[in-house]
Amino acid sequence: KPIHLLIIYIWPQPIFTPGLYNKKKMFLQHENNEKAILDFFPVLQWLPKYNCKEYIWGDVMSGLIIGIILVPQAIAYSLLAGLKPIYSLYTSFFANIIYFLMGTSRHVSVGIFSLLSLMVGQVQGVDDQAYLNFTVYNFTLGVTNNECGKECYAIGVATALTFMAGVYQVLMGIFHLGFVSVYLSEPVLDGFATGASLTILTAQVKYLIGIKIPRAQGYGLLITTWANILQNISQANLCDVITSAICIAVLVTAKELGDKYKHKLRIPLPTELVVIVIATLVSHYMKLKEVYASSVSGEIPTGFIPPKMPSFHLMQRVAADALPLAIVGFAFTVSLSEMFAKKYAYTVKANQEMFAIGFCNIIPAFFHCFATSAALAKTLVKTSTGCQTQVSSVVSAVVVLLVLLFFAPLFYNLQKCVLACIIIVSLRGALRKFKDIPQRYRLDKVDALVWCVTMLSSALVSTEMGLLVGAIFSVFCIIGRTQCPHAALLGQIGNSVFYEDDEEYKDLLPVPKIKIFRFEAPLYYANKDFFLKCLHNRTGLNPALEVAKRKKSRRKRQQNLDNVLGRKEMSLCLVAEDGDFHTIIIDCSSIPFLDTAGVSALKETFKDYQELEISIHLACCISFMESCTSFSFQSFFLR
């Protein structure tokens, strides 16, 4: 601790004086402030302990490789976002620096992500004339919308959208709303990623074949885009088609060989960078733009544009669109952080991850960047190339910085179809999920259905709506599972003390005169009737029907006796009959809780079976013991 604070704290003073109290309070406040700063910037905790000799080589190598991979991907993903390549490079630079300061994961690679780039492009691509008439700041020269055109409007919408998404993520961190990601299950996220990948692929086809069609907007954009492509297929640019075919063949071959021999390769092949360099040189010297009218990236300026506050008017417009962007961003970031932390035996703070990714969006929004999150592919490359800490992110940022300062103009003649090829080939992992459908169906039919619904709604309706539909459908499936759960009678395994489902296992021994019933779900208002139905079906005895049947039988016998013996009075009380069983044990080990409706169902069950002189006992009901004792069920507990 600082010396002057220690002196203030221990300076001799009379006990219980206000001065001593204030100085101790000041010291404690300083401790709390220091802890808050260390928690907010985790780099201050681990960087002083950085083992340079052990970690530096792996961090530098992984940082260089990620930087080399990041540059062509950043330029390519600018097509998805509908922005100039320079903004993708800005995003990659600032995201790496900020996550280095605030992230708790050692391995996650944060930067541009294809799904978020697509969502940004879908929002900013809407041609809303009412907003185009607003004065939109020119982020390069400070001129009006009429002078800077659609580019200023696009980056204005993108930065406003990114800023609002970051604000939502920080608010989620403040109010500890990370539980929202729990409802984005693996089938939902996988289905969303696959459906969005189909949309991404469709959006790149126009660049592959060199046609100019408007960006489709609204619902059903996948179908609309393909309709526009087929209508304009005759305008395809032969130069772009040939270039695309060659690039895809080279990229796919290199990727497949890299996957096959990755155990022999110490570092992944920088195929994208090689393709971009060669394609740029060919385009420049063969003058593909001038001779064949091939579309190129255009001028990419060097240096940084002065920071600017995102437009408040545009923030109001995109506030609703930013919410799904924020949820997707933090869901992928938190899940990847926890996955790699578990793999490498360390811990991450999910709440701090939300703060980190939130500020990776808020601060860069002032520097003309768009939304970022963790990306699985680059994270896997980082871990496979020796990454130890987030120092590798700084190295990657330096590589991007060098491109920004010196090498960006060299990509002027790079064809857009080459960038589209890089994007499409990067979707291989997501598109391969289609092969997993049969296995997913065999493992869990409901999960397979959730995946299909999310994928189809993401592809055929819209990306944002697909995520919402998938999450809601997943919740309804969970409710459906609890509403109609599995229930079974148990049999004894040999002479052991173990009991299992008699429909799932063979050669189980029934317990004489006793039925053991298990209900595998919480017992609450939505499934109490199903519980009673299953109990009656499995035991083969519906007490209400049996009581009515016995009463009817007794009345009939009484009438017969009255007719024969002339007796006018006879008790209608039930005579106990020798049934198949005299006791029911309800195994409650799979019932995590019950509500008042569930308690009422149990009370009704006890009452009905008691009329037949069948006793009921509850076993393994520790999870809801308090609810049972409050309703005086102690006599039914099986001890």
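Each residue's number is its place along the chain shown, starting with 1.
Note: Cβ is positioned from N, Cα and C throughout, glycine not excepted.
Nobody curates TrEMBL annotations by hand; they come from automatic prediction.
Annotated features, as they stand in TrEMBL:
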- 55-80: transmembrane segment (TRANSMEM)
- 153-179: transmembrane segment (TRANSMEM)
- 267-286: transmembrane segment (TRANSMEM)
- 322-341: transmembrane segment (TRANSMEM)
- 353-377: transmembrane segment (TRANSMEM)
- 397-427: transmembrane segment (TRANSMEM)
- 448-476: transmembrane segment (TRANSMEM)
- 504-619: domain 'STAS' (DOMAIN)
Write out how many residues of the domain 'STAS' (504-619) are helix, how many strand and how many coil, based on DSSP.
50 helix, 19 strand, 47 coil
Report, as numbers and ranges, which residues of the same chain sit near the transmembrane segment (322-341): CB under 8 Å and 6 or more residues beyond its ends.
103-108, 110, 113, 115-116, 119-120, 161-162, 164-169, 172, 178, 180-181, 184, 189, 192, 347-348, 350, 353-354, 356-358, 361, 371-376, 379, 383, 463-464, 467-468
For the transmembrane segment (55-80), which stretch among 153-179, 267-286, 448-476 has the most Cβ pairs under 8 A?
267-286
Counting only pairs 6 or more apart in sequence, are there at least 3 Cβ pairs under 8 Å between the transmembrane segment (397-427) and the transmembrane segment (267-286)?
yes
Would you kindly list the residues that approach the transmembrane segment (353-377) from elsewhere in its chain, counting only those six or more residues past its ends and only Cβ-Cβ distances under 8 Å?
40, 81, 83, 87-88, 90-91, 94-95, 98-99, 102-105, 108-113, 116-117, 119-120, 139, 155, 158-163, 165-170, 172-173, 178, 304-305, 307-310, 325-326, 328-330, 332-334, 336-337, 426, 429
Could you tell me the mean pLDDT the prediction assigns to the domain 'STAS' (504-619)?
81
